[in-house]
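Going by TrEMBL, these are the annotated features:
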{"type": "TRANSMEM", "residues": "15-32", "note": "transmembrane segment"}
{"type": "TRANSMEM", "residues": "68-88", "note": "transmembrane segment"}
{"type": "TRANSMEM", "residues": "126-147", "note": "transmembrane segment"}
{"type": "TRANSMEM", "residues": "154-173", "note": "transmembrane segment"}
{"type": "TRANSMEM", "residues": "185-203", "note": "transmembrane segment"}
{"type": "TRANSMEM", "residues": "208-226", "note": "transmembrane segment"}
{"type": "TRANSMEM", "residues": "246-267", "note": "transmembrane segment"}
{"type": "DOMAIN", "residues": "296-359", "note": "domain 'MIR'"}
{"type": "DOMAIN", "residues": "370-427", "note": "domain 'MIR'"}
{"type": "DOMAIN", "residues": "431-491", "note": "domain 'MIR'"}
{"type": "TRANSMEM", "residues": "571-596", "note": "transmembrane segment"}
{"type": "TRANSMEM", "residues": "611-632", "note": "transmembrane segment"}
{"type": "TRANSMEM", "residues": "639-659", "note": "transmembrane segment"}
{"type": "TRANSMEM", "residues": "671-694", "note": "transmembrane segment"}
């Protein structure tokens, strides 16, 4: 029974020393003096505030991408013991002692270092030689922009890591498919492909470009698999289901998981609450939840309510009125009704309260038992502080003459009767008898006399309207828009019939009876929609650039300048690598087109397996460059040089593949091969020289003289900072 103890347990392992050495050097290049500079560097000021929100469990919204990348950075802060207490308001600000700079920058540095061995493995999986694979890894190792970006608390290196991991995993899976389909390694690499794709999308939305590329290649391979007559129908079906589960279902579930964890972590009210709906805000601890938790759920006749516009643009605001009236004559000479102004006000105010009244009764209090208001009911809205009725009529609105003016009716004893009946239309109702609910119901108020809908126009009124937002009556025939939809945010059951007592009641906190919670899916869908539609700051930046500037490296970014010396960090690429990568992409495209045309004529320059390898390398490397670069031409946002780095990483993979192909096809004799190898070594030596020359700007650890800095300004568009003493 114990016989196995008589023999030693032997474990054999194949260790690729190339990978070990490359990984070690890559780690050294990315981790060396990682905590330097101990100051906020460029976009660290942007990501740092979100890390602080995570540490303090405060809700936030970032329209640049899903939360997975931010959570990874926050994990570094958590492991380093960061408490979130730092004011991220200025680039160059010195970090306080409680900020674990090394921990916060560790994950981007590790992912940046792992790009080197991954480049090696990808070239091997594509079927190229160890020499080409080593070349790709070495190019990734000495690319200055990739080093700079990976040594800071930024997300580009993390995004590139998951992009390349998705490609590498799929290639491993594809090669396993030829040998051992449905084996353990086959399942592992297929599943990892889906996980890596979802992580890439979870870091930044542009990760979806690489995901779609992998899906496209996988679809082409699956199409060929369907045509394989050696496989049974059941076998083919199993292949397709496995791919669908790993590449579609798992990424979708992972994407939901990112938001699930995010919403668990950031459960407290914060500065971004106002962008969200009342229901979402009420689900957060503190803030609106402190006010609305436990309010009466069903709106009844006599209820006192505040009505928030669901659209929330240009700013979140509430239906509002005050004693001031519309001017008799507007600046353009048009006349008004001179009725009491009704606006949308972007702040909490006692003048935001309205009373829901039954047109057939005089009472302004809730009866016992309460009579709920339902979809289709006709109501009147009475302004709480002035007791005037919400009204609209066939008078042009002040800033939107095609729409009707909305006012609170003032009886001037002239031939202008009040028109203050409104029909309740619950937009998100489940039945035609649904009750109007606090926070949950999204409603339209349709004017009975004119069929106009109460709408936020979004225009700011002049000084006579206190710069508040215009509210109009919009004809239903003009179509549906979210700015026509309102929801009850704060709600209490009115108890005071006398006006003075009611004013005191309106100033007092709401009574709380019932609590409510949004489901995860409801919060996820709303958060996703807000992230996709929130307006980012599109203003020009000193270092912004266009995609055309990136390929030729006609731009740079000054990331950091030492407060006393000329030491500085710049995002600058290795000019030799960038130019060579661009040229290799062009050469590949021309060669691919040439081979394709000749194959069409029946001339096969490459054996079938070499052609398939060449086409797959182009699909993943040249295709990876294209899908990560071309979409930026269609984006209306402020762009920077670092947006090009994911595309550049794919170009770097293509470069040694093209060089090896040219060497194999053109250099037939030993002499030509030796000459070609010598040229490649000389070219790589030039790339190393450029890396070493730009190294002080990559690491920022050396102060250069003004003459040395001027010597590094190889292009006039490079903004090298020179101090004037």
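One is the number of the first residue shown, and numbering goes on along the chain from there.
Cβ from N, Cα, C; glycine included.
Outside the transmembrane segment (571-596), and at least 6 residues removed from its termini, the chain residues within Cβ reach (under 8 Å) are 42, 139, 142-145, 148-149, 551-553, 556-557, 559, 605-606, 611, 614-615, 618, 621-622, 625, 641-642, 648, 651-652, 654-655, 657-659, 661-662, 683, 686-687, 690-691, 694, 697-698, 714, 718. Distant neighbours of the transmembrane segment (126-147): 18, 22, 25-26, 29-30, 112, 115-117, 119-120, 157, 160, 171, 571-574, 577, 613, 616-617, 620, 641-642, 645, 648-649, 652-653, 655-657, 659-660, 680, 684, 687-688, 690-691, 694-695, 697-699; these residues of the same chain sit at least 6 beyond its ends, with a Cβ under 8 Å from one of its Cβ atoms. Note: the stretches the transmembrane segment (611-632) and the transmembrane segment (15-32) are not in contact (fewer than 3 CB pairs below 8 A, sequence gap of 6 or more).
For the domain 'MIR' (370-427), the DSSP counts in helix, strand and coil order read 0 helix, 26 strand, 32 coil. Within the same chain, the transmembrane segment (154-173) packs against the transmembrane segment (639-659): three or more Cβ pairs sit under 8 Å, each pair at least 6 residues apart.
By the Cβ criterion (under 8 Å, sequence separation of 6 or more), the transmembrane segment (68-88) is not in contact with the transmembrane segment (639-659), since fewer than 3 such pairs are found. Taking DSSP states H, G and I as helix and E and B as strand, the domain 'MIR' (296-359) has 3 helix, 30 strand, 31 coil.
Packing against the transmembrane segment (185-203) from elsewhere in the chain are residues 65-69, 72, 155, 158-159, 162-163, 165-166, 169-170, 172-173, 176-177, 210-211, 214-215, 218, 242-243, 246-252, 254-255, 258: each is 6 or more residues past its ends and has a CB under 8 Å from a CB in it. Residues 53-54, 57-60, 66-68, 71, 74, 190-191, 193-195, 197-199, 201-202, 211, 214-215, 218, 284-285, 520, 523-524, 527-528 of the same chain, all 6+ positions outside the transmembrane segment (246-267), place their C-beta atoms under 8 angstroms from a C-beta of that stretch. DSSP states for the domain 'MIR' (431-491), grouped as helix (H, G, I), strand (E, B) and coil, give 9 helix, 29 strand, 23 coil.
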